[in-house]
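Notes for the one structure printed next.
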């Protein structure tokens, strides 16, 4: 049983945002908004499982946003957010978690500190709500004029994730079917559940309009630094195989590559580059060739792991570049597919991925067609 499960609500159409593309699937610093949100929970060690609630028409977009993350199968939402949450909660019945956190898919800046405060509050009370105090002076208007000033003491802006003991919030949601309530804390209030206020975070903003998205992009461009690192790998040919795995794509050839895993020289070099950019060792440290678990393993999981470590540090991948060095096979016909696959594994847009090929003009082991080499570069943005 997963003790704490997260339900990410991402079934909305974003009518206030405008346009045909729902806001949660817009680009934010090279990744979809929803990707940032899902990754924040999927990489948190306090979370046992993550499930998204999506619109039936958005499955292809969702799969792009969720690629490479360890998530539960998504479920479809309903006509309203409240309906979507209830359907999502019901889908967790077999997991029967102790606690559930309900989060807006369009809040990509959720931090581990807020998540932890919500989880710990549920040890004390059946509900927990992250909030930030209202700082602006509040005015009540009437007929276009100021009627009076509202006392802002004890007034807060509610955020998500809103946390609850699972059994109690499920019962509360079923008890208010037909009532239109603004958030899950209101559902809990209606059921008489005590909801503790915990400190939220000013940056944990919800993207509702196009202007919100622009402000979110400014947040991503805030204090931080870009780090770059390189990676290099070599594998000899194995005549017992009839294809080479290169950057996640099988390339037909008279020989494959010899290695403990699938010997994907491109992904191995790139994994080392990403790990190097965050000073996290090398591929052999995380996936030692002496470990039988990685015998014949697909190398996409190595790169996905490196990407998840970047996310866990609050960072993002800016761009990656791979150069494959060989006489044969020809890389050109497969280059676009390789770039697309790398982008999918890392959850970044394809215009942040470069895959190139060159030869050594007949010199050295690659010139003698004994194997393939690859070198890679990765640039990563990390908060200060």
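Glycine too: its Cβ is placed from the backbone N, Cα and C atoms.
Swiss-Prot lists 1-226 with the feature region '2-C-methyl-D-erythritol 4-phosphate cytidylyltransferase'. The average pLDDT the prediction assigns to the region '2-C-methyl-D-erythritol 4-phosphate cytidylyltransferase' (1-226) is 93.
Marked as site 'Transition state stabilizer' by Swiss-Prot on the basis of sequence analysis: 16 (among others).
In the three-state DSSP scheme, residue 23 (site 'Transition state stabilizer') falls into the helix class. Take the CB of residue 23 (site 'Transition state stabilizer') and look out to 10 A: across all protein chains shown you find 26 other CB atoms. Summarising the annotation, Swiss-Prot assigns site 'Transition state stabilizer' to 23 (among others).
Annotation source Swiss-Prot lists site 'Positions MEP for the nucleophilic attack' at 152 (among others), citing sequence analysis. A C-beta separation below 8 Å, combined with a sequence spacing of at least six in one chain, links residue 152 (site 'Positions MEP for the nucleophilic attack') to 133, 134, 135, 136, 137, 138.
Using a 10 Å radius centred on the Cβ of residue 206 (site 'Positions MEP for the nucleophilic attack') and all shown protein chains, the other Cβ atoms total 16. Under the three-state DSSP scheme, residue 206 (site 'Positions MEP for the nucleophilic attack') falls in the coil class. Residues annotated as site 'Positions MEP for the nucleophilic attack' in Swiss-Prot: 206 (among others).
What Swiss-Prot lists as region '2-C-methyl-D-erythritol 2,4-cyclodiphosphate synthase' is 227-384.
Under the heading divalent metal cation binding site, Swiss-Prot lists 233, 235, 268. Under 8 Å, Cβ to Cβ, and six or more positions away along its own chain, residue 233 (divalent metal cation binding site) finds 265, 266, 268, 269, 272, 373, 374. Under the DSSP three-state reduction, residue 233 (divalent metal cation binding site) is assigned to strand.
Per Swiss-Prot, the feature 4-CDP-2-C-methyl-D-erythritol 2-phosphate binding site maps to 233, 234, 235, 260, 261, 282, 283, 284, 358, 359, 360, 361, 365, 368; the stated evidence is sequence analysis.
What Swiss-Prot records for 260 (among others) is site 'Transition state stabilizer'. Close to residue 260 (site 'Transition state stabilizer') in the fold, though at least 6 residues off in sequence, lie 289, 294, 295, 296, each with a CB less than 8 Å from its CB.
Close to residue 359 (site 'Transition state stabilizer') in the fold, though at least 6 residues off in sequence, lie 325, 326, 327, 366, 367, each with a CB less than 8 Å from its CB. According to Swiss-Prot, the site 'Transition state stabilizer' annotation covers 359 (among others), on the basis of sequence analysis.
Taking only the Cα positions, the spacing between residue 360 (4-CDP-2-C-methyl-D-erythritol 2-phosphate binding site) and residue 23 (site 'Transition state stabilizer') is 47 angstrom. Residues 233, 234, 235, 260, 261, 282, 283, 284, 358, 359, 360, 361, 365, 368, recorded as binding 4-CDP-2-C-methyl-D-erythritol 2-phosphate, reach a greatest CA to CA spacing of 30 Å. Counting only residues at least six positions away in the same chain, the Cβ atoms of 268, 271, 272, 275, 302 sit under 8 Å from the Cβ of residue 283 (4-CDP-2-C-methyl-D-erythritol 2-phosphate binding site).
For the binding-site residues listed here (235, 268), the lowest count of other CB atoms within 10 A around the CB belongs to 235.
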